[in-house]
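As recorded in TrEMBL:
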- 129-144: compositional bias 'Low complexity' (COMPBIAS)
- 202-211: compositional bias 'Polar residues' (COMPBIAS)
- 28-122: domain 'CopC' (DOMAIN)
- 128-155: region 'Disordered' (REGION)
- 180-211: region 'Disordered' (REGION)
- 1-25: signal peptide (SIGNAL)
- 157-176: transmembrane segment (TRANSMEM)
Amino acid sequence: MNLATRTVMTTLAALAFWLSGVGVAAAHTSLVGSDPAKDASVTSPLAAVVLNFSEEINPAFADVAVTSADGRNWVSGSASVEGPRLTVAVGPDRLTTGLYTVSYRVVSADGHPVSGAYTFTIASVPEQTSPTTAPARAAPITADPSPPAPAGSDTKASVLTAAGVGLALGGAIAFWQHRRNRRKKAAKHPGSETGPSRGEQDTSPPSGRRD
């Protein structure tokens, strides 16, 4: 084997080794998706950040931070890992308007560390207001109408009143007529109304008797 052939074979072997290394490196775990997505503009309340990797990751080595421009980390609690999916809750306060950075550092199942970062924006989120109900209108208070008097009650009362007045008037007229008749009789026959008293009896002797 001459020198030229050896040089060509050495070069090809080195190239193959280099290509194999690139393939192995390319096969390592990487971030393939997220929610919110990179450079997304979020217009609804955000409760969690979800990262999806190309391979399963080790739950014991999963670290995620969601920081605002002032440096505050909004992650609440520990990360939840299910295979290649990693979820972290944010809050408890609602994220305010502004730019947020998601930083992650995880270890894949084959032990390869993966780290990276991306940003998203919280746009103006409308306030969540609980629905208000109009106050119930109070029912109008109506007076309980008194039951109407029987139709014949007024007539009966009038008849009784008239009868009473008639009886009283008739009695007065009868009494006045009786006294009037007595006065007329007394005027025609004086002394007939009352007899002579014992002291006024006639003591003159009967006619024809002599003393």
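Each residue, glycine too, has its Cβ placed from N, Cα and C.
Counted with DSSP, the domain 'CopC' (28-122) comes out as 0 helix, 61 strand, 34 coil.
Mean pLDDT for the domain 'CopC' (28-122) in this predicted model: 94.
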